[in-house]
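The domain 'U1-type' annotation in TrEMBL covers 76-110. What TrEMBL lists as region 'Disordered' is 161-183.
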Amino acid sequence: MSMRPDDHRRKWDKDEFERIATERLKAELEEEEERDKKKAPPVKRELLKQRDYKVDLDSKLGKSVVITKNTPTSQSGGYYCNVCDCVVKDSINFLDHINGKKHQRNLGMSMKIERSTLDQVKARFSLNKRKLEEKKRDYELDTRLREAAEEEARLKELRRERRRDKKRKIQETEDPDDTPAQSELAQIMGFSGFGEYQVTAAEDENWMGDTLQETRVKRQLEDFDSDDATPDDQEPGFWDRVVKVALRLFNKFIEWLNSS
């Protein structure tokens, strides 16, 4: 390339620089092709699945923890995610994190869900129907058990009432058997009847007076036997008092027999 002596401007060889640019571009294309060949295939992620465990949010509730500079990250304050190796300070943000895109990608899942088929929908309906029938069956079982307990209590009360009626009938049948014997004994002794005599309150209060009166009657009877006197010679109402004393003594004897 010829240059004039008085021309001081810098000159470029266009053909040479074009050749250099072409070689550089060719080298870049070859490098990119090699990189594409060595590039790993895309990761096929699983569809989003339901969590099969319960998230622990209450184990550290209300507890105090001493944290130092040597405390591991998993034991520091807040909620630790062992998948992403990070700590979240509150439960709301922790739930947002484990349900987020970054956490699901670290688990190897995408944010896409599986589309349910017709068989899966029918199976779910059958499962829900079966659970509803089980709940209804449990309710009917509780009702039947309660009704059975009430029926058993009613039968027990009925049997108890029958036993009471039976005892009452036995007592009613036993009492008339004693009455003829008492009446026969009264006839033998020459009295008209004394089986249903009851002591009144006034007689109970005057028991001591009646006892003294009985002693007096006995003495009068002894005087009558000794003097061979007649009943007309005694004071009025004498035999009435004798009969009254005899009745009281006989009633006491009958009560003693019944109690023994």
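Glycine is no exception: its Cβ is also placed from the backbone N, Cα and C atoms.
Counting same-chain residues at least six beyond the ends of the domain 'U1-type' (76-110), those with a Cβ under 8 angstroms from any Cβ of the stretch are 43, 45-49, 55, 57, 65, 67. Mean per-residue pLDDT, taken over the domain 'U1-type' (76-110), amounts to 88.
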